[in-house]
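One structure below.
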């Protein structure tokens with residue numbers, strides 16, 4: 001595990017060299033293949049006192065490296081105008097190192113430290129390279145929502161260490177804690193990060209004000225930190241979670257349905273995609289809280305699939321923004337007339353967003369529906385509504401942007417460059433091809 005960490009640390013000086021962003025991309029791609037080839041024969045691989053990864057960590061570390069590689073590829077405009085490019089690359093590398101450490105440490109306190117540390121480079125991305133003055137307010141929302149919930153988590157960790165004299169994740173499964181305040185403290189921080197309905201308001205604001213790279217990392221990885229944390233801590237909170245999980249399930253399913261309806265009221269493309277993320281994550285929270293195998297497996301697959309799909313959708317929104325300098329659905333109309341090839345990519349990613357085969361989202365959604373229906377037949381009503389309306393707002397976004405009369409104020413346009421098509425292909429291909437090798441995700 002240390003070899004990959006040092007690989008990333010020694011890439012940081014390269015970021016300060018002039019016009020070396022292409023080299024950073026190639027080295028990240030090489031890191032991806034090296035990490036994929038590291039043996040996965042054992043359940044806990046590269047086990048040491050501090051670091052280790054299992055099947056859950058493995059997929060999320062791969063996703064982190066992949067999304068960071070695509071973030072650099074999508075930010076070509078920054079490199080053209082030369083707006084603090086070196087600091088931008090360093091920021092991405094620092095973020096990748098923190099995410100790698102978050103997913104691979106065994107100690108819960110170190111996990112908390114890196115979990116909160118990954119907030120700082122994200123905040124710098126939004127404030128430093130965002131588009132509008134409101135990005136300061138969005139950054140404040142992001143900070144206060146996450147920090148408000150994370151202090152109780154720290155207190156809960158201290159209490160837990162006092163009781164059990166250990167913070168190692170793999171030792172804690174031998175304990176079972178039945179203390180309601182500790183349960184709320186441990187779970188709340190991860191629910192805010194997911195985000196669950198009622199504590200989701202920071203996400204649309206952060207997405208709307210963030211640059212394309214910030215939106216990609218927020219949708220692709222940051223939301224998955226909450227799911228990963230829940231998968232880890234619920235192991236030793238099983239008894240009390242089985243008594244109280246219906247609270248989170250009701251909030252998530254009702255909230256997911258309401259947010260799906262709210263997507264139809266959005267006129268900002270990025271805001272619509274952000275709200276659709278909240279809707280998808282509500283089903284993931286429900287699957288994790290049930291605590292059966294189908295739920296765990298489905299939520300994990302859904303996290304990987306959603307990370308690729310929503311990141312690709314934000315790339316598409318940015319491609320339109322670079323041409324029209326607007327995110328409004330009233331101006332982004334009739335794109336099929338100008339960019340027919342890009343229209344095909346809109347369709348492919350929208351179909352994956354509505355869980356059409358052969359995407360990973362389909363497999364995840366089927367597993368989650370299985371688990372939720374086995375828990376209670378009543379949940380089928382909300383699941384039907386969420387699935388139906390998720391297809392509805394995906395089609396709404398596609399038809400509104402691609403069809404209709406185009407905006408008259410355009411004076412210059414170009415259909416798309418090979419970099420943009422490659423970027424979208426690298427989102428779509430893993431999302432739809434990984435279903436052939438789904439046994440790697442069997443937790």
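Yeah, the Cβs are placed from backbone N, Cα and C, and that goes for glycine too.
Over in TrEMBL, the protein carries these features:
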- 1-102: domain 'NADH:ubiquinone oxidoreductase chain 4 N-terminal' (DOMAIN)
- 106-388: domain 'NADH:quinone oxidoreductase/Mrp antiporter transmembrane' (DOMAIN)
- 7-35: transmembrane segment (TRANSMEM)
- 47-72: transmembrane segment (TRANSMEM)
- 84-103: transmembrane segment (TRANSMEM)
- 109-130: transmembrane segment (TRANSMEM)
- 142-161: transmembrane segment (TRANSMEM)
- 167-192: transmembrane segment (TRANSMEM)
- 212-234: transmembrane segment (TRANSMEM)
- 246-265: transmembrane segment (TRANSMEM)
- 272-294: transmembrane segment (TRANSMEM)
- 300-321: transmembrane segment (TRANSMEM)
- 375-400: transmembrane segment (TRANSMEM)
- 421-442: transmembrane segment (TRANSMEM)
Message: Any contact between the transmembrane segment (246-265) and the transmembrane segment (375-400)? By contact I mean 3+ C-beta pairs closer than 8 Å, pairs at least 6 apart along the chain.
response: yes
- prompt: Is it the case that the transmembrane segment (375-400) and the transmembrane segment (272-294) have 3 or more CB pairs under 8 Å, with pairs at least 6 apart in sequence?
  reply: yes
- line: Best-packed against the transmembrane segment (300-321), counting Cβ pairs under 8 Å over 142-161, 212-234, 421-442, is stretch 212-234
Intrachain residues whose Cβ lies under 8 Å of the transmembrane segment (142-161), provided they are six or more past its termini: 108-109, 112, 115-116, 119, 122-123, 126, 167, 172, 177, 182, 184-186, 188-189, 191-193, 195, 199, 201-202, 205-206
- line: Rounded mean pLDDT within the domain 'NADH:ubiquinone oxidoreductase chain 4 N-terminal' (1-102) lands at 87
